[in-house]
């Protein structure tokens, strides 16, 4: 009886391979089994039934009775595992889902330089960086990219591309977390929110003669020690962000070429442009997300504590580190689905793979062949000029709006994301759809791109004429002239010839290097409360009073006096139109690159165009 049970079980396990034939075998075997036991009960001969039963099960592998306890559960597990995996692969393992996964992952991987640009003002304030230092932080990302994109793009040409993409996701995620590390290992900026006398005014200045007080000299020494400690912390913070951005550039180098090659291998040539356009569009949609989140994080104080400061105050520092934490963990999480994709999708498993032994000589030969192609060189030169312009503009657009139009950091990020960057994303998608819908060949793609670039050439000059009048700060260089004077002069003689803010700067010992602008009630802006002659600061209301240089009310508030100017809005609209046109052209050029030699050099061309 055990033998017959095992035979039936074996037939059942083979059912999904040949359902019709196995069902017939099961039916015949059960009928013979009934006759067999009926004949044995009556004492009749069963030799002819045994012969028929053996013939029925000749094609079915036999079982050993010792395997009944170990084999049966393993077969059941394998059966249900195959069924579940088959259902999962049919629904979620496809080229469309792959493009979605890679696009979502690229939001957190390829947009970190844009996020750094949106928070560069806060980082400069916290670590006391100059613009040239912050420019190096943004550029080092591209340095790591350039140094590795060609080599990695070629050497990883025949790798398991989805898994390599997942590994790069994890690598970049860890590098992003390194950028957030300085906040946790360096001193945090403090804003004194303690209010003496229930929010009463505190004295803002000391008399000129008080500099001779020994107690004041002691406090100066303490301030010097704190300044040295702050300088060391700034160096540490700068170093970690530098290393993190460098690793991010290396980690994302091979992502775009590998993704394009995987798409090109698993879809028809006519649909390649559409998928590549979607991938590029989502890559441009990443900055929209990071700029919006950057605007939200900029409205949170760096320590996440309640403070009397406002985002418009010069002393405000946004929570720049929150974005790095968010994007770092998100990048690591998005790597999980990519590990599940096969080397080649199921619908293309029968297509033979083109394998070639890679060597340094092959890479040099390919580079030489590409250098002899004048059309390819012209296309890459065209792409290089566009990318050079965009890479030097986009990271510093937020800071330009903040300084030129006196916008707050969060307002700048929101406007840039909803206009300039959003139109770039739409342009990439539209470009891919147009080239795919009209089935453009190489020549049509290049003509289409040339027309768009010509139109963009006329728009590039418009931003030069868009600006707002700059607010003049009431400052003086009298202190420097007074200190450098070769002949002694009496203070009373000079005071008779000085303006109000010049008297304040001398009497109150204003530091010319301090930049804490305030807006007086009379509409004039001062470099600092000291230059406005302010004697008291109300911490509760964050206002300055007894300002001798400010009209009748003698009141001032933090920040530069605002002027009614819509130049920032006009500039954002012009940049949006330019971004839309340029990205349509950019998408069509990428499609042209793929069509030049889609069989052997797609991944190399994609890597090289990203190098430019």
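From the backbone N, Cα and C atoms, a Cβ is placed for every residue, glycine too.
What TrEMBL annotates here:
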TRANSMEM  97-116  transmembrane segment
TRANSMEM  136-156  transmembrane segment
TRANSMEM  163-185  transmembrane segment
TRANSMEM  235-254  transmembrane segment
TRANSMEM  275-297  transmembrane segment
TRANSMEM  317-341  transmembrane segment
TRANSMEM  375-394  transmembrane segment
TRANSMEM  414-438  transmembrane segment
TRANSMEM  445-466  transmembrane segment
DOMAIN    504-551  domain 'Kazal-like'
TRANSMEM  569-594  transmembrane segment
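If you count C-beta pairs under 8 angstroms between the transmembrane segment (235-254) and each of 97-116, 375-394, 414-438, 445-466, the highest count goes to 97-116. Comparing 136-156, 414-438, 569-594 for CB pairs under 8 angstroms to the transmembrane segment (275-297), the maximum falls on 414-438. Taking every recorded stretch in 97-116, 136-156, 375-394, 414-438, 445-466 and counting its Cβ pairs under 8 Å to the transmembrane segment (163-185), the highest total belongs to 97-116.
Mean pLDDT for the domain 'Kazal-like' (504-551) in this predicted model: 75.
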